Amino acid sequence: MAAPLDMEPPALSLELLPTDPLLLILSFLDYRDLMSCCRLSRRLNQLSSHDPLWKRHCKKYWLISDEEKSRRNQSWKAIFISTYSDLGRYIRYYATLKKAWDDLEKYLGQRCPRMIGSLKESVREEDLDAVEAQIGCKLPDDYRCSFRIHNGQKLVVPGLMGSMALSNHYRSEDLLDIDTAAGGFQQRLGLKQCLPLTFCIHTGLSQYMALESVEGRNKYEIFYQCPDQMTRNPSAIDMFITGTSYLEWFTSYVNKVVTGGYPIIRDQIFRYVHDKECVATTGDITVSVSTSFLPELSSVHPPHYFFTYRIRIEMSKDALPEKACQLDSRYWRITNAKGDVEEVQGPGVVGEFPIIGPGGVYEYTSCTTFSTTSGYMEGYYTFHCLYYKDKFFNVTIPRFHMVCPTFKVSTARMVSRGAETNHNEHAVDEDEDSTDTDEYEDRRRVLDIPAPSGRCPRHT
């Protein structure tokens with residue numbers, strides 16, 4: 001007998017749906033939705049506990065490997081839940097920061113093993129809570145998360161956050177552990193509610209993170225302090241900005257290191273930036289340039305921006321032996337942001353007359369200053385052949401640009417001028433460039449940096 005036409009089909013029950021399609025659907029859910037499914041029905045609770053579903057989340061959020069899972073001898077779901085109970089507040093940041101730390105350790109372990117030995121073990125949640133109570137400010141979660149992985153490093157040389165050596169000037173920045181950072185927390189005018197992230201024992205240089213939006217800073221902004229030398233007000237502190245958040249600041253630095261953007265020299269990370277287009281080849285000789293800004297020798301008031309550059313001169317290994325040559329002199333054409341040009345010519349480089357042959361490399365470091373926020377240099381070296389001593393030729397030095405990082409002018413100065421607090425670099429009066437080395441020595445004294453035994457070679 002046929003069923004009546006108006007009879008409704010039976011309701012589709014979840015219990016009647018096949019398992020495999022349901023598991024496929026659940027595999028697209030995020031961990032929050034997967035946990036919610038556990039509470040909806042007995043069937044979904046059983047399906048949501050299917051262990052392979054949690055493998056993806058363990059790998060995505062906690063970077064748990066199959067090997068670690070085997071060592072723990074737990075299910076993927078149990079690992080996810082136990083890790084979440086400890087680090088759940090950091091789930092937005094943990095995988096990114098853990099990968100950065102893992103990549104850094106792997107890279108430096110092969111190149112700077114003693115630096116890896118300076119890293120400190122992670123801290124506990126209660127340690128971070130105690131620091132917040134001590135300084136009276138909340139720490140950002142990305143900062144806290146990083147210290148749950150590594151508690152900075154011991155105060156050693158070389159520092160994890162990069163080094164710089166120039167003539168008699170040297171710095172190397174350590175990543176501070178949480179207790180040392182808390183001890184340097186600032187409440188004085190000009191640096192109110194600022195926490196130091198790094199420290200250099202040679203220069204006293206630190207990068208600070210603003211824990212509140214005060215004195216013209218954005219919350220969690222990271223910067224180098226720069227005292228205003230044109231006012232007697234000690235709270236007039238300008239800032240060279242190096243990051244907008246701890247996550248961005250730390251991961252961008254690590255990326256530069258592990259991709260080879262910063263060279264490793266004598267077991268240290270040197271913060272020179274190389275533009276891949278900044279290369280010039282003349283015959284068998286190639287010249288490339290890397291540059292770096294030195295905040296500790298720079299100021300906004302007066303405008304004085306200090307840069308160092310590292311030059312690599314290399315002869316092709318396929319060059320003929322008779323192509324061996326010696327550098328005799330250099331010529332520089334230096335142009336500031338106003339278009340003012342200065343020409344410098346002199347014998348050798350840094351007091352040397354290097355000889356270079358097939359496959360040979362010569363590198364040296366020098367510096368320059370601008371009173372404008374940017375400028376560029378270019379020029380050539382003059383060589384003579386060793387086999388044909390009367391044969392001279394010029395080798396092109398590619399044009400390389402130097403640009404001061406973003407900075408903010410102190411609110412103390414702006415209040416005294418009756419102007420707005422947020423200014424960009426073009427708001428600064430820019431005087432003529434000066435390349436006098438005596439001015440460099442005076443600038444060093446103003447910054448209260450110990451005087452070196454010699455002078456910085458400029459434009460060499």
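Every residue, even glycine, has its Cβ placed from backbone N, Cα and C.
Noted in TrEMBL for the protein shown:
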type: DOMAIN; residues: 11-57; note: domain 'F-box'
type: DOMAIN; residues: 279-409; note: domain 'ApaG'
type: REGION; residues: 420-460; note: region 'Disordered'
type: COMPBIAS; residues: 428-440; note: compositional bias 'Acidic residues'
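Under DSSP, the residues of the domain 'ApaG' (279-409) split into helix, strand and coil as follows: 6 helix, 85 strand, 40 coil. Here the domain 'F-box' (11-57) is broken down by DSSP into helix, strand and coil counts: 32 helix, 0 strand, 15 coil.
When pLDDT values are averaged over the domain 'F-box' (11-57), the model yields 81.
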